[in-house]
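Pulled from Swiss-Prot, these are the features on record:
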- GLN91, GLY109, GLU110, GLY111, LYS112, THR113, ASP498: ATP binding site (BINDING)
- CYS829, CYS831, CYS840, HIS841: Zn(2+) binding site (BINDING)
- 796-825: compositional bias 'Basic and acidic residues' (COMPBIAS)
- 796-833: region 'Disordered' (REGION)
Amino acid sequence: MGFLSKIADGNKKEIKRLGKLADKVLALEEDMSILTDEEIKAKTSAFQEKLQSEEDIKKQNKILDDILPEAFALVREGSKRVFNMIPYKVQVMGGIAIHGGDISEMRTGEGKTLTATMPVYLNALTGRGVHVITVNEYLSSVQSQEMAELYEFLGLSVGLNLNSKTTTEKREAYACDITYCTNNELGFDYLRDNMVNYAEERVMRPLNFAIIDEVDSILIDEARTPLIISGEAEKSTSLYTQANVFAKMLKSEDDYNYDEKTKAVQLTEQGIDKAERMFKIDNLYDVNNVDVISHINTALRAHVTLQRDVDYMVNKGEVLIVDQFTGRTMPGRRFSEGLHQAIEAKEGVKIQNESKTMASITFQNYFRMYNKLSGMTGTAKTEEEEFRNIYNMTVTQIPTNKPVQRVDKPDLIYISQKGKFDAVVQDVIEKHKAGQPVLLGTVAVETSEYISNLLKKNGVRHDVLNAKNHEREADIVAGAGQRGAVTIATNMAGRGTDIKLGDGVQELGGLAVIGTERHESRRIDDQLRGRSGRQGDKGDSRFYLSLQDELMVRFGSERLQNMMNRLGMDDSTPIESKMVSRAVESAQKRVEGNNFDARKRVLEYDDVLRKQREIIYGERNSIIDSDESGGLVNDMLRSTLERSVNYYVNEEADDPDYEPFINYVDDVFLNEGDIKVEDIKGKDNEDIFEFVWNKVEIALKDQKEKIGTQFDEFERMILLRSIDTHWTDHIDTMDQLRQGIHLRSYGQQNPLRDYQNEGHQLFDTMMQNIEEDVSKYILKSVVSVEDDLERDKTTDFGKAEHVSAEDGKEKAKAEPYVKDEHIGRNDPCPCGSGKKYKNCHGA
């Protein structure tokens, strides 16, 4: 039996199991219908009491499984009373799969939002919190508002967490039984919680259970995008301008080679000569010219591989990334590694400064921290291997409530794009005349505008939905199923609104979906098709392709071109064959395989930083949560002193030189003259350590007496500042190491192993530097304690809850940023301290 057959067979078994359990839920319908509203709330309280009296998570999970039929039946009854809707059996099955920590694949229009209410309610009973995660704040707001009515009727609290919320509002939202939020905001709140100086500034509780709507979009499409909080690095932008001027001068093939399959750009020998002349250097690849070659490569990528209105747009002097999967612009997001600055130079807009990373995490590593993770989507089966390998989740295809009536017609392939678009327009005109609504899917903004112009010339009224006019999205989608409607949409993925058919449209054949190009991901094609034929409606879909489409050019359209030429086919005659569809699907699988490998690689590298992040965040949290930090400081002092003795004093030598050691002790631990050469001469290292340690203990005692009752607070402040300063520098160093490590493969080395080894060494060095800094500041600081500590505490409390005398409002929290968005030197520090960035993490 092949791998796919096993999966299909496994899905059948799982559906059978889910069906039996769903029948138990449905069997309780009558029992629930006789309960009063008060009795329903009382059931919730009884469930909560039973679960919350048990602290062990494994035992709690066992109780959850036991009460599932009754809890799900209660939600069905609540839904009937609140919404006048009762979840179907297939929705109950989907809910059971979600509760099991898996992914429910449910077709468009099958009611995923209502399906989620059952596992959300069940898991919220533990009191540990449930996060319902959506791809944008609009969906979070709408869903939380609609579903709060049901959850509150059942006796649970619901919170909504948005980027605009204050710290106090966020804390209240996370304290609720159920919290609606976007994936971005969750990640940023997690990072910010690990940058605070006081426990009361945290907003989140420990991560428990998450249900991700459009799970493939978040865990697959966005997996490679790290969430990053960054500060300004204050580097010059002049090299970007010079590299841009240079890139404009170059000619393809003469000066550089471009591989369309891998999208790699490389200078030729002639290009290298030109670079050396322009930048007035002898050898471009000299180690001192790393910055120059890096900027040239980035400028080439900006000019050759990225296209305006396809990969990014320029709006009001700002470069905005276009999401390749949804067609939306992503304000606030920036390309990393200087690419955004290179595009700004290319487009002649203001070049923003580069940034320095202060905290970062990928979605892959963030979501793996939950006790239980689950999701739902219309399309996930094609990525099942990735879900299983990385997140330990299986995909269960839930049957539809009514049979699917949509007809998916074979692809039509033309020699040129002109022939293809002419045929598309002709098809639209015919369907429009008959009154059948048409949804045209494109993969780029410029394609949607090109087709729009063709339709205008032919007098066909239509709406365009792309990154340039997403404000009208809900209105356009709502009208797309009406009689005679023609809608052009760039990548329909992630559009959270169903297309409902107008009166008389069923008789005309339902919604017709026309794809103008295959996306490199089969999921996006399936999502476009899935907009038609919802809930048993009629509909049809067809893709029009050409040999000039990007996917065909990248993956072997030459054979097809030769075949069409041999057959003497002209531009207006398409091929309709299974061989073509198979070739396209094969190309898509190759791209998906490449993308999966790339995401796995990102995870392998990020895992190095993940382990280090866990150590640092664990250390910070124990400092913040403990009443005193004296034990940790003592350990750091001993460790630093021990290392310095072994480093500076060679006890094997006949006449060791003690001066370097004494200078070090004077600098870090004691005052000048506290120890002399004769005090330690002739002693072995162990005795030297004990002698100096006795003096360090006396110095520490003196410092405690000077500072008094505030000493614990002083220790904690020194510890946190030292950790934060060195950790920020370490992240930046690791980032630089990562960017250059792939070049090691040319020297027959394993880049990942080198990154792991060197990353480990860098981390050890960082920890030693933290210990040395803490030792020095604890013993050597001369502080006006009341002023310094009072200032630190006042701004902290002011950040969280203090009412400012200036405006009577709570201070706004620092905004999060994704890669390369920067924080100005005088802006509030995003760690939440309330200080300016330059006086805090930017110091």
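Backbone N, Cα and C atoms are what each Cβ position is placed from, and that goes for glycine too.
This view paints the features noted in Swiss-Prot onto the structure.
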residue : record           : Cβ neighbours (10 Å)
GLN91   : ATP binding site : 28
GLY109  : ATP binding site : 21
GLU110  : ATP binding site : 24
GLY111  : ATP binding site : 18
LYS112  : ATP binding site : 23
THR113  : ATP binding site : 17
ASP498  : ATP binding site : 16
DSSP state at GLN91 (ATP binding site), helix/strand/coil: helix
Where GLU110 (ATP binding site) falls in three-state DSSP terms: coil
8 Å Cβ shell about GLN91, GLY109, GLU110, GLY111, LYS112, THR113, ASP498 centroid, ATP site members excluded: MET106, THR108, LEU114, THR115
Pairwise C-alpha maximum, in angstrom, for the residues (GLN91, GLY109, GLU110, GLY111, LYS112, THR113, ASP498) that bind ATP according to the record: 17
